[in-house]
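Working notes, beginning with the structure itself.
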């Protein structure tokens, strides 16, 4: 979320005496206060919600667009997602320069050494299988005891499994032994889910989230029971049928979408609508589909925008729409581009084909803006007139990530017949390889940098770690075949990126990755200066699951087990699990917040990683939405008569 940082300009004259200085400060504070008040009032009047016909403003388009451009400029300059300010005073520049000297210069991705490292990686041919046992190879012998002590876990440190860093899978597989060990680990993941769910059910049942330390519920997502709905398919897949049935009864008797709440269309779609659709797909209980139809109809009002780009928020009763409060002039690319898997499925089951056509229109509108190299900036103006990109930031992290994910998953959902979406995906991946893919020094870790106005920023969000799984899935389903040059490139890179993400866990004192890392020449990476916290995120274990499911390489189970042990040791509290304030400390402060996606995604992916008996088929039958809700692809539904 954007933060408004006011900075006092340096004058050329000094105030005379202490009273003069105090007077100057007081006047400055008064002016700042007046400016803030004026800005807030202007924002209130300029960005009033539209009516149900999509009419957004009462001012003239020219005045409105001038205000929107000014606000976009402020937001682009002040968004903290990059981990550092873009406008700093001289003293901050001096401090930053001194820190960069101590750490090593940021890995710009454009130095000759960086170019050479990337060229070597792109030309590298990985080794797959056949070398036999090796000292670093997973020991699949002893099963995990039911009373295993997680408090004894210690972060393994970096540089382990280095033979995997460029996509190699050099060992003979021992699948049977790996499955036996996995089942003994699966028990503990299920126990973690039981611990989280039982406390949610005891202290916050039906509320959006639980505070696991203060043991009380909160309704931060519109009072829609988000944690409960988001967890339904996890309960089902883990065989927790009694808990599932109690949750089902709450959905039938208590879930009420007729709330006077302005909700995030994106978050409510992926968590709640996706959760209901997946629960119906697994259980075939009509209760879930009825609720999905009701919620979907309310959320769909956000698409009533003549630009073709939906609004970011909608009131579930009135249907009034607006963009997000901190970006009122724009839609977010990842948000408007991560609604389609859910609404296409709802169209199939409800008979309302407009859900499909209007949600797909977003992709056509964005594609027609023709961004260079198939890489899409993350702000899209959708107020009046034709939509346009209003910034130049390119990233596979926050605010753009899942848009690229849905390019591939829409194509998979439809049975690989809608080539437009696959072509978009392939073009974007080529752009990523050409402009953003980077290799660190000295360890040759592969990562995806950001780029803003032609300036490389070698920050990688934890969110980017989903790309390992996505690239692997794209490679295994490539129309040119898995043996094609493109598919082999993508699979190699998927493995290399996932190894880097594993290292962001292993090298931290807790064995848990920070929210983002910054890469430096000669230093590999450090936890981001404003990003050394952990939010119970799932992206890395998601890629472990996908790569294991596709390749069968047990190393991904070993890495996943390390991550799970670290979570058990450091994030578990009496009322569930919480994020960490600082992953660099072995005595981290735990946040009093358990995200719904920890149950919906993180624990689900780890469980499935250790579940050789799952009913899910990632390659042939199912597609996961971005919140880890599995749904059958349309050809499989045709076959099953659903």
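Quick reminder: no glycine exception, Cβ is built from N, Cα and C everywhere.
The transmembrane segment annotation in TrEMBL covers 21-47.
Residues or ranges marked as active site, proton donor by TrEMBL: 267 (among others). In the three-state DSSP assignment, the secondary structure recorded for residue 267 (active site, proton donor) is helix.
Here TrEMBL flags 401 (among others) as active site. Counting every protein chain shown, the number of other Cβ atoms lying within 10 Å of the Cβ of residue 401 (active site) is 24.
Annotation comment: TrEMBL describes 465-501 as disulfide bond. Shown in sequence order, 497, 498, 501, 504, 513, 539, 540, 542, 543 are the residues of the chain, 6+ apart in sequence, with a C-beta less than 8 angstroms from the C-beta of residue 465 (disulfide bond).
What TrEMBL lists as active site, proton donor is 515 (among others). Take the CB of residue 515 (active site, proton donor) and look out to 10 A: across all protein chains shown you find 22 other CB atoms.
Per TrEMBL, active site is recorded for 539 (among others). Counting every protein chain shown, 23 other Cβ atoms lie within 10 Å of the Cβ of residue 539 (active site).
The feature Ca(2+) binding site is assigned by TrEMBL to 626. Long-range neighbours of residue 626 (Ca(2+) binding site) (same chain, six or more residues apart, CB within less than 8 Å of its CB): 270, 338, 341, 402, 405, 406.
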Nearest-integer angstrom distance between the alpha carbons (Cα) of residue 401 (active site) and residue 515 (active site, proton donor): 15
Cβ neighbour count (within 10 Å, all chains shown) around residue 501 (disulfide bond): 29
For residue 267 (active site, proton donor): intrachain residues, at least 6 apart, with Cβ closer than 8 Å: 221
Secondary-structure category, per DSSP, in which residue 539 (active site) falls: helix
